[in-house]
Amino acid sequence: MARLPKLAVFDLDYTLWPFWVDTHVDPPFHKSSDGTVRDRRGQDVRLYPEVPEVLKRLQSLGVPGAAASRTSEIEGANQLLELFDLFRYFVHREIYPGSKITHFERLQQKTGIPFSQMIFFDDERRNIVDVSKLGVTCIHIQNGMNLQTLSQGLETFAKAQTGPLRSSLEESPFEA
C-alpha cells in the first residue's frame, strides 16, 4: 500500500463548505428539526456533498484530520464544525486570522508530526505557496473537497515520499 500522511489538514471556507463563514452567512447557526443547518436568517448552510465521505475515508485509513482556517469568524466556524458533526474527524483545530504558516507550526508543535508527513487541502493559492515551503504536500482545491481530489492528493503525497516535495500548483492533476 502507498505511504499515507500522518496528518491531513483542511482549510474550511471553499474547501469543506461553499462560502466564507465571515461574510456570506450570518451566525449564529442552528440545526432545524429536519436536520438542516441554517444561519440566523434561516438560510440553508451546507457542506460540499462529498465532504463527510472524504473525512470518513481518511478516518478508515487511520489518517487523523485537522482544520486550519484564517477566518475571523472563529466561533461561527467552530459552531458549523459541531453542527455538521465534524469535530470527531479533527484532532486539532487552528482557526484564527493570520498566516497559515503559524497554523502549521502550531500543528507541528502539538502533534510532533514532521511537515513532510502532512498533506494540506486549500482553495487559496497563496496558502498553498506558503505552506508548501515548509515541506507539506499541498493540494489546491478548485470546486470543494471531494473523493477524487482526496485520491489524487494521497497519490501526490505518496509520490512526494519517493521524490522531491512539490505543491499541486506546479504539476496539478486538478487543473485543466
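Positions of Cβ are set from backbone N, Cα and C atoms, glycine also.
Residues annotated as active site, nucleophile in Swiss-Prot: Asp11. The 10 Å shell around the Cβ of Asp11 (active site, nucleophile) contains 24 further Cβ atoms across the protein chains shown.
Less than 8 angstroms from the CB of Asp13 (active site, proton donor) sit Phe19, Trp20, Val21, Asp22, Ser69, Thr71, Asp123, each of them six or more residues away in the same chain. Classification of Asp13 (active site, proton donor) by DSSP places it within a strand. According to Swiss-Prot, the active site, proton donor annotation covers Asp13.
Summarising the annotation, Swiss-Prot assigns Mg(2+) binding site to Asp11, Asp13, Asp123 and lists similarity to another entry as the type of evidence.
The C-beta environment of Lys100 (phosphate binding site), restricted to residues of the same chain at least 6 apart in sequence and closer than 8 Å, consists of Ala68, Arg70, Asp122, Asn127, Asp130, Val131. What Swiss-Prot lists as phosphate binding site is Leu12, Asp13, Ser69, Arg70, Lys100, and the listing cites similarity to another entry.
Swiss-Prot lists Trp20, Arg70 with the feature substrate binding site. With a 10 A radius on its CB, Trp20 (substrate binding site) counts 14 other CB atoms from all the protein chains.
Note: the Mg(2+) site is recorded as Asp11, Asp13, Asp123; in the same chain, Leu12, Tyr14, Thr15, Leu16, Ser69, Asp122, Glu124, Asn127, Ile141 also have Cβ atoms within 8 Å of that site's Cβ centroid. The binding-site residues under consideration are Arg70, Asp123. Their Cβ neighbour counts within 10 Å are lowest for Asp123.
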